[in-house]
Amino acid sequence: QINLPVIRQYVDYLVSEQNVKSVFVNGTTGEGLSLSIQERKQLAEEWMCQGKDKLDHVIIHVGALSLLESQELARHAAAMGAGGIAAMAPFFFKPTSKDELVAFLQKVASEAPDVPFYYYHIPPLTGVKIRVEELLDGIKERIPSFQGVKFSDTDLLDFAQCIHKNETQQLEFLYGVDEQLLGALAVGADGAVGSTYNYLGRQTNLMLEAFAKPDLALARKYQFLTGEFLNFVIRLGFGVAQTKAVMTFVSGIPMGPPRLPLVDASEEFIVKAKAKLDSIVWPGAD
């Protein structure tokens with residue numbers, strides 16, 4: 001079951017401990033696609049309520065396999081005053097061309113015409129491999145509220161071409177593969193959405209500051225250490241359930257178990273992951 005009362009504590013932790021002031025609700029890490037429509041609405045409402053005057057941006061993921069459900073979630077997010085909405089491609093009956101995908105996204109975005117709309121590109125999970133560079137051609141004419149992309153793929157060539165070809169359009173390209181964020185920043189990423197920022201947000205913000213200076217040597221240190229931790233846990237088996245376990249032991253906030261078919265992280269994983277994270281010496285640490 002979802003645990004709504006913990007979200008107030010969660011918001012305060014992100015803001016005060018991790019310097020994270022923007023959230024992406026009901027996405028992959030939040031198991032949005034495993035929740036009922038009612039649960040997704042309840043979560044969106046709670047994040048909006050608890051984030052009021054504390055968070056800068058709340059983007060609600062409204063993608064669903066059913067177009068009608070996705071539209072219902074888009075209307076709900078708009079009614080709550082969400083700062084943005086996003087939708088991933090349907091992944092059972094899949095769009096096979098740019099036109100099919102844009103048609104679906106347009107039907108969702110049109111239900112919340114005044115809310116910035118983001119396409120959530122995550123081909124490893126959806127299996128929809130339509131290149132974003134291709135998708136963007138003419139998309140503003142079809143979807144006037146189109147604001148940008150949450151790009152959760154390792155194809156930095158596609159990502160770079162998106163930025164290169166859309167410099168005049170004021171779109172936002174948010175990168176979603178945490179261990180490659182520095183590479184994405186180098187080609188012009190505007191920001192990042194990722195699971196590790198729940199518990200490594202402070203370190204990632206320091207990497208962003210180093211990159212902006214620019215102090216690339218320092219930025220690389222942060223990226224390499226994040227990568228060292230992720231490389232270690234990926235070999236152990238790292239997914240949403242394990243992310244919840246890491247966030248629980250780092251923050252002290254009970255993130256709870258995942259919903260089936262995902263199963264809880266093992267005690268062995270928790271012990272090894274905690275030891276690895278504790279062993280990392282971040283730049284500037286005492």
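Backbone N, Cα and C atoms are what each Cβ position is placed from, and that goes for glycine too.
Automated prediction, rather than curation, is the source of TrEMBL annotations.
The active site, proton donor/acceptor feature in TrEMBL is assigned to TYR120. What TrEMBL lists as active site, schiff-base intermediate with substrate is LYS150. Marked as pyruvate binding site by TrEMBL: THR29, VAL193.
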Euclidean distance between Cα atoms of the residue listed as 'active site, proton donor/acceptor' and VAL193 (pyruvate binding site), Å: 10
Length of the line joining the Cα atoms of LYS150 (active site, schiff-base intermediate with substrate) and TYR120 (active site, proton donor/acceptor), in Å: 5
Number of Cβ atoms other than its own within 10 Å, given for LYS150 (active site, schiff-base intermediate with substrate): 27
Residues near the residue listed as 'active site, proton donor/acceptor' in space but at least six apart in sequence (CB under 8 A): GLY27, HIS61, GLY63, ALA86, ALA87, MET88, VAL149, LYS150, SER152
